[in-house]
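Chemist: Sharing the feature lines straight out of Swiss-Prot:
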type: DOMAIN; residues: 14-270; note: domain 'Protein kinase'
type: BINDING; residues: 20, 21, 22, 23, 24, 25, 26, 27, 28, 44; note: ATP binding site
type: ACT_SITE; residues: 137; note: active site, proton acceptor
type: MOD_RES; residues: 176; note: phosphoserine
type: DOMAIN; residues: 281-347; note: domain 'MIT 1'
type: MOD_RES; residues: 350; note: phosphoserine
type: DOMAIN; residues: 376-444; note: domain 'MIT 2'
type: MOD_RES; residues: 384; note: phosphoserine
type: MOD_RES; residues: 464; note: phosphoserine
């Protein structure tokens, strides 16, 4: 091995080409392996003379953590070498640049795109959390993209990372101020939950175009960090309720009120359950077996629900599958299940309309008994608006939002209602509305899977999947 001299560094076994970027103590180059494979890699070149004690510790931590982990959404450390002048980290090459550039060239990301990226980032963080590793410098510049064509996120730059149990506390200031949790600045005392705040800032920037503490000066930034004001979300662009809920819970200034790691990983907007994986096909197949059984028993509603849940796993299974022949086989099966779902949808839709007509008398009586309860009457009016909205084509999400708003009120009123006929009617109405909302939610999940359904779009199936799993 030889040092860099005045040109590009030289490293045995590799040809270094263009410079990709540079940081405080390292420069990253694109390189090719001299082997027959001509593998493309990124080489992080750290000049020994630039290292102080803290940067040596950071570098050793990065090597220690990365050499022991393998995950599809974490940049892989392939090897490391050194000579008299430099230390070289030979890394997986990510051709798509970083997430910061990706966001800013598009100004903002659609919610559906941000959701897929967040799912991938959450998967990487779950993997690290299970090993008590905290990144401590999460920001878009440290999140790389595998390519610009169907990019996958790759978490990088573990220089500040630490082995931290959830109850461990640190006092050393680490990270970038725009993405740094308030407790790191205000208290100089923090734990693993700072990564959750940073995730919230990244998501906020992806959806709104800039971080919540974007400032023109450092003093303005410090004032915003030290403020006690609640982080307010812009009204535009319009986001789903689940997305706004997650953002607000991530961006809690007080870490004791911030969403927990387990609740973050389980959050419905993150939806780790439906990430493309080697298990996706097996999960889809198991649900289809249950669907066929219910279908044979004549339970059309249960069968349709199970077919739709199965399709929720077939879409990521198609994304995960790389073998063309197996992909075609999966596609053929999906076509069969879509056809059967279409038939079941007609049966269930007809049945639901009949049930709604049957329930009209009870609903009208409940409204009569709610005349002296303006709050109850208002909540029932919202429920009626939800039912009307559900009848409009393409308004399923609006209907679900109204159902959820109505149920939020009705459940509180039900808990406070005294025993009697009105309570019985209210209980029945709540059960009916919850069933409608839950069923509608299942159908919307397929419609919301934009990127996951992209492969199906090309194969002409996604519209069939979406329409089959949505009752009109």
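A Cβ is built for glycine as well, from the same backbone N, Cα and C atoms used for every other residue.
Would you situate these features in the structure and describe their surroundings?
Modeler: For the domain 'Protein kinase' (14-270), the mean pLDDT of the prediction comes to 88.
The Cβ of residue 28 (ATP binding site) has 19, 20, 21, 22, 42, 43, 44, 45, 91 as same-chain neighbours under 8 Å, each 6 or more residues away in sequence.
According to its DSSP assignment, residue 137 (active site, proton acceptor) is coil.
The Cβ of residue 176 (phosphoserine) has 16 other Cβ atoms within 10 Å, all protein chains considered.
For the domain 'MIT 1' (281-347), the number of residues in each DSSP class (helix H, G, I; strand E, B; coil) is 62 helix, 0 strand, 5 coil.
Counting only same-chain residues six or more apart in sequence, none has a Cβ lying under 8 angstroms from the Cβ of residue 384 (phosphoserine).
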Chemist: Around the Cβ of residue 22 (ATP binding site), how many other Cβ atoms lie within 10 Å? Please give the count over every shown protein chain.
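Modeler: I get 12 for this one.
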Chemist: Which entry in the list of binding-site residues, 20, 26, has its Cβ near the fewest other Cβ atoms, using 10 Å as the limit?
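Modeler: Least crowded of the binding-site residues 20, 26, by Cβ count within 10 Å, is 20.
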Chemist: Given residue 26 (ATP binding site) and residue 137 (active site, proton acceptor), what distance in Å do their CA atoms have, once rounded to a whole number?
Modeler: 16
Chemist: Quick check for the class: what is the C-alpha distance, in angstrom and rounded, between residue 176 (phosphoserine) and residue 137 (active site, proton acceptor)?
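Modeler: The separation of the Cα atoms works out to 7 Å.
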